[in-house]
Amino acid sequence: MANEKTGSNRGGGGRGFAGMDEARQREIASQGGRAAHESGHAHEFSSEEARLAGRKGGESVSQNRQHMSAIGQKGGEAVSENREHMADIGRKGGEHSHGSSRQGGAGSRAGSSRQNAEAARPAPKQS
């Protein structure tokens with residue numbers, strides 16, 4: 001079975017371009033790109049053209065809500081796997097919720113521990 005197809009036929013096992021290793025393919029593709037530019041056949045995007053193309057692609061992709069949801073989920077899973085990063089996030093959240101960065105400043109809703117203790121005491125009874 002000399003002509004058996006396999007999932008990865010790189011590294012000289014096949015014929016022609018597909019049978020070449022990746023480095024050789026890149027070298028040939030690079031030569032082709034340079035030749036196209038030198039002969040004037042290569043299209044060069046202006047920054048405006050590139051911006052419009054990117055916007056069009058982004059609009060097209062973002063219309064697929066399932067795809068966008070999957071992308072967001074993968075990103076969340078990847079971030080959550082980094083325990084050190086998650087610990088940093090937790091510490092920063094704790095700093096803000098306890099008011100250590102703006103303790104008692106304008107707009108701060110968290111009081112000092114003494115203020116919190118006083119607020120928790122029952123009010124004195126009046127006769």
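Cβ atoms here come from the backbone N, Cα and C positions, even for glycine.
Where the annotation comes from TrEMBL, it is an automatic prediction and has not been curated.
For reference, TrEMBL has these:
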COMPBIAS  35-58  compositional bias 'Basic and acidic residues'
COMPBIAS  80-98  compositional bias 'Basic and acidic residues'
REGION    1-127  region 'Disordered'
Open item on the list: Within the compositional bias 'Basic and acidic residues' (35-58), count helix residues (DSSP H, G, I), strand residues (E, B) and coil residues, in that order.
Closed with: 17 helix, 0 strand, 7 coil
Task: Helix-strand-coil residue split for the compositional bias 'Basic and acidic residues' (80-98), DSSP-based - done: 17 helix, 0 strand, 2 coil
